[in-house]
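> Structure provided below as structure tokens; questions to follow.
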């Protein structure tokens with residue numbers, strides 16, 4: 001027995017117990033890296049090089065309206081950003097736009113998924129109908145909703161005209177209604193993404209849970225509250241972060257419908273960055289705004305990865 005134990009003691013650690021990178025390379029990971037190298041180089045060129053250029057540009061002073069200031073390197077753009085009220089107002093509007101998009105998309109998508117699950121006849125047609133907005137380009141969505149919001153002959157005013165407490169409105173011109181109008185258009189364009197997730201999540205819930213609840217005479221609301229919502233909690237967290245990222249970087253719908261107006265009421269970070277670069281011709285400050293937007297997006301991506309890791313850990317524990 002002692003000889004056997006000595007042999008075991010002299011042997012190295014089992015494969016995979018330590019040295020993660022070394023094990024990865026010795027178990028075929030090196031060949032995998034070689035195969036992925038061309039794609040990594042392309043990604044580095046397409047994504048990394050522009051990011052590096054933007055970072056360098058953010059320290060420069062390239063403004064075509066003030067060409068004499070070019071070549072002045074320093075932190076002046078970042079100092080200006082910290083005290084620029086217009087930037088933080090744009091961040092706040094982006095947060096409002098993002099929050100409205102997330103809430104509206106989740107409510108609409110979950111309602112559509114629950115309805116689709118209950119439908120027996122024409123279920124495939126119902127699913128296809130709810131997915132149509134996803135197939136429509138954002139530019140087309142903006143043009144269609146722009147016609148619908150038109151003050152004189154738009155369908156929105158025509159539908160609301162019979163209601164005595166709502167007056168005819170110029171939805172995209174009024175400061176109080178412009179941002180909610182854009183959020184509604186964005187929700188219509190984005191909710192199918194959440195719908196697909198919720199539909200898959202609902203089909204993964206065991207029917208036995210609902211059968212047991214019906215035996216206990218639980219109402220439909222209690223089944224939804226105590227079974228459906230808890231079972232969809234992880235999926236909902238993933239959807240929230242995905243929709244936050246999509247809402248934060250949204251540009252075509254806002255730019256086409258309002259361009260950030262009226263009087264800056266819908267100027268989000270993406271629109272402000274565009275206006276700074278191509279209307280004010282201040283490319284260095286626009287690059288600084290882009291770096292800020294990237295940092296905010298990176299924080300949301302890290303949150304998404306953390307949620308996914310927690311979901312995988314939970315799934316592994318369940319198995």
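Placed from the backbone N, Cα and C atoms, the Cβ positions cover glycine too.
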> Suppose you had to name the range TrEMBL annotates as transmembrane segment; which of 31-52, 53-74 would you pick?
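Comparing 31-52, 53-74 with TrEMBL, transmembrane segment matches 31-52.
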> Which residues of the same chain, at least 6 past either end of the transmembrane segment (128-148), have a Cβ under 8 Å from a Cβ in it?
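Long-range Cβ neighbours of the transmembrane segment (128-148): 112, 116, 154-156, 172, 181, 184-185, 188-193, 195-196, 250, 252-253, 256-257.
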> Under 8 angstroms, Cβ to Cβ: which one of 95-116, 178-200, 235-263 has the largest number of such pairs with the transmembrane segment (283-305)?
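The stretch I would name here is 235-263.
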